[in-house]
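Taken verbatim from TrEMBL:
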{"type": "TRANSMEM", "residues": "23-47", "note": "transmembrane segment"}
{"type": "DOMAIN", "residues": "41-290", "note": "domain 'G-protein coupled receptors family 1 profile'"}
{"type": "TRANSMEM", "residues": "59-78", "note": "transmembrane segment"}
{"type": "TRANSMEM", "residues": "98-120", "note": "transmembrane segment"}
{"type": "TRANSMEM", "residues": "140-158", "note": "transmembrane segment"}
{"type": "TRANSMEM", "residues": "197-216", "note": "transmembrane segment"}
{"type": "TRANSMEM", "residues": "237-260", "note": "transmembrane segment"}
{"type": "TRANSMEM", "residues": "272-292", "note": "transmembrane segment"}
Amino acid sequence: MEPGNQTYASEFLLLGFSVKSEIQFMLFGLFLSIYLVAFTGNLLIFLAICSDSHLHMPMYFFLSNLSFADICFTSTTIPKMLMNIHTQRKTITYEGCLSQIFFFIVFGCLDNLLLTVMAYDRFVAICHPLHYSVIMNPQFCGLLALGSWCISVMGSLLETLTLLRLSFCTNMEIPHFFCDLPEILKLACSDTLINNIVVYFATGLLAVIPFHAILLSYYQIISSILSISSAAGKQKAFSTCGSHLSMVSLFYGTGLGVYLSSAATSSSRMSLMASVMYTIVTPMMNPFIYSLRNRDMKRALSRLFIRIVPLSVRTITGLS
């Protein structure tokens, strides 16, 4: 590569959804609506769990962390995408791109690890019910949550900091609506061997191992449930992990779709649509999965609304 064809990036160009202006307006309204639903839904779940003493249990403690992570996960990419659509400017600074990559990996990995911790919680609840309160004590739950946060941050730092050693070609166009790490590596003119090794190592540590841990947990859970003699007991046991299993299926199903679509086709359009499902639709669906399938959550949300509505009325009345 000629020296003149290399540069230290000052900004990248996010191509995103390259469509006509009238369709851009529709996309802006669609993604804004999805973002508001995802943000509001996860915020309500988080507030309901924090404010209701009946939900101060390990399963809901981890769910509150997951809801907070989903708020941050969607806020990492969607606001910038909406601003680019609105202003018709598709640039993002080099620093902004690195920040987006860092937080995207942090909260994506955190989702993954929290789902793994929640699978372990369901494993203990169903396979060792008599020792549940002893094993899943508040201190241990706090350590599991803190460990998930620390591992996610350290893994993201490892992947992001290795980008600082790269120089980039004159083509700075990213065929995506956010700074996706694999797309950034494709633009690099310098050797990316170390970066690829780090990515594979982090993926194995933060994605493959947790996924196998979830599979192992559910293997033990299903084996334990099948050993229950009564049909009512089996149904009750299955219902306690139904919401979590739905979230796991949605998270890994859409995530796997991103990588399969990237591997199976060179079409950036297919990869883009798969990424929309993974980064936007999945965080939006999680609150509905838990609130619609869980009676305790429905009651907590009702009590939260009862407290919020009078407060809002008093605030509006006072302003008037």
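Cβ atoms are placed via backbone N, Cα and C, with glycine included.
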Exercise. Under 8 Å, at least three CB pairs between the transmembrane segment (140-158) and the transmembrane segment (59-78) (pairs 6 or more apart)?
Worked result: yes
For this session: Verify whether three or more Cβ pairs under 8 angstroms connect the transmembrane segment (98-120) with the transmembrane segment (23-47), leaving out any pair fewer than 6 apart in sequence.
Result: no
Exercise. Most CB pairs under 8 Å with the transmembrane segment (272-292): which of 59-78, 98-120, 197-216?
Worked result: 59-78
Exercise. Which bits of the chain, at least 6 residues beyond where the transmembrane segment (98-120) starts or stops, bring a Cβ under 8 A of a Cβ in it?
Worked result: 59, 62-63, 65-66, 69-70, 72-73, 76-77, 80, 92, 144-145, 147-149, 151-153, 155-157, 159-160, 163-164, 178-181, 184, 202, 206-207, 210-211, 213-214, 217-218, 244, 247-248, 251, 279
